[in-house]
C-alpha cells in the first residue's frame with residue numbers, strides 16, 4: 001500500500017521483472033508523448049534506454065496517436081533530439097488514417113477533408129489521395145447572417161479528424177456538412193485521446209476534443225484508426241515478422257496504450273512519466289491494469305544492470 005492507497009493488481013517493475021520482461025519479448029513498442037518526450041524536450045534517460053535495448057538485439061518501434069506530424073517529420077524530430085530512428089520504425093495515427101483508406105479502396109476520384117495538421121495532409125498525399133483543409137482553413141471565419149448557406153465540395157468522400165491547434169467553427173461546419181450531406185462520406189478519427197503532453201510544461205486538449213465536437217454535430221461515431229484500435233497493430237504485423245506475444249507495449253495512457261497492448265496480445269509496461277499518475281492507476285474505478293509499471297523508461301537501464 002502506497003500513500004494509503006491499495007496496491008494495483010499489477011506489479012512495480014523490479015530487477016527480476018525487468019530481466020524476465022526483456023527476455024520474453026523481441027520487440028518494444030513505444031508511445032512518444034509522455035514516454036519519449038514532452039513537447040520538444042527528451043525525457044531523461046531515453047537515449048540510454050534505446051541504446052541498451054538495441055544492443056540487446058531488441059526491435060524498437062514507435063507507435064504514436066499524435067497526428068500533427070508525418071513519419072518523415074517525426075524522423076526529423078527524433079534526429080533533432082539525438083535519436084536515430086527511421087521512418088519505417090514509426091507508426092503514427094496520421095499514417096494509419098491514410099493506410100486505412102488505401103486498404104479499404106477509397107475511390108481515387110473522391111477527395112478528403114482534413115480537420116488536423118500537416119502530418120495528416122502529408123500522409124494522405126503520399127498515399128495518393130487528394131486532400132484539403134488543415135492549417136489553411138484555420139484562417140477562415142464564418143459570419144452567421146440571415147439566409148447564409150454554407151457551400152462545400154460535394155466530391156468529398158471522407159473527413160479525417162485529428163489533433164488541430166487551429167480548430168475553429170469553419171472547420172467544424174465543413175466537416176459536419178460533408179459527413180451529413182455527401183452520401184457515404186466516411187468519418188475517420190485518428191484517435192480519441194482527451195489530452196496530451198504537447199509541451200513539456202503541461203497537458204493540452206487532445207484530438208479527442210476535436211473528434212467529440214464533430215461527432216456531436218453529426219450525431220455519429222467515427223471510425224478510429226489509432227490506439228487502442230487494432231488496425232495499427234494489424235498493419236504493423238504486416239510490416240515486421242513478429243508475434244504480438246513477443247512484443248511489449250510501453251505507454252503512459254491506460255485507455256489507449258495499455259488497452260491497445262492488451263487487446264492485441266502484447267505484454268504491457270506503464271510509465272508514470274506522462275498522463276497517468278499512480279493514484280489514477282490505483283483507483284478502485286480503474287479497470288485497465290498493465291503487467292508492470294514504473295516511473296520512466298530509464299528505470300529499465302538501472303534495473304537491468306543490477
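Glycine too: its Cβ is placed from the backbone N, Cα and C atoms.
In TrEMBL, annotation is done automatically, which means it is predicted and not curated.
Database features, via TrEMBL:
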- 31: active site, nucleophile (ACT_SITE)
- 33: active site, proton donor (ACT_SITE)
- 31, 33, 252: Mg(2+) binding site (BINDING)
- 227: substrate binding site (BINDING)
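Remark: residue 33 (active site, proton donor) has 64, 65, 66, 196, 197, 198, 252, 274 as non-local neighbours, by Cβ distance under 8 Å and separation of at least 6 in sequence.
There are 26 other Cβ atoms within 10 Å of the Cβ belonging to residue 31 (active site, nucleophile). Proximity of residue 227 (substrate binding site) to non-local residues of its own chain (separation of 6 or more, Cβ distance below 8 Å) is seen for 31, 63, 65, 93, 191, 251, 256, 257, 259, 260, given in sequence order. For residue 252 (Mg(2+) binding site), the count of additional Cβ atoms within 10 Å of its Cβ stands at 26 [all protein chains shown].
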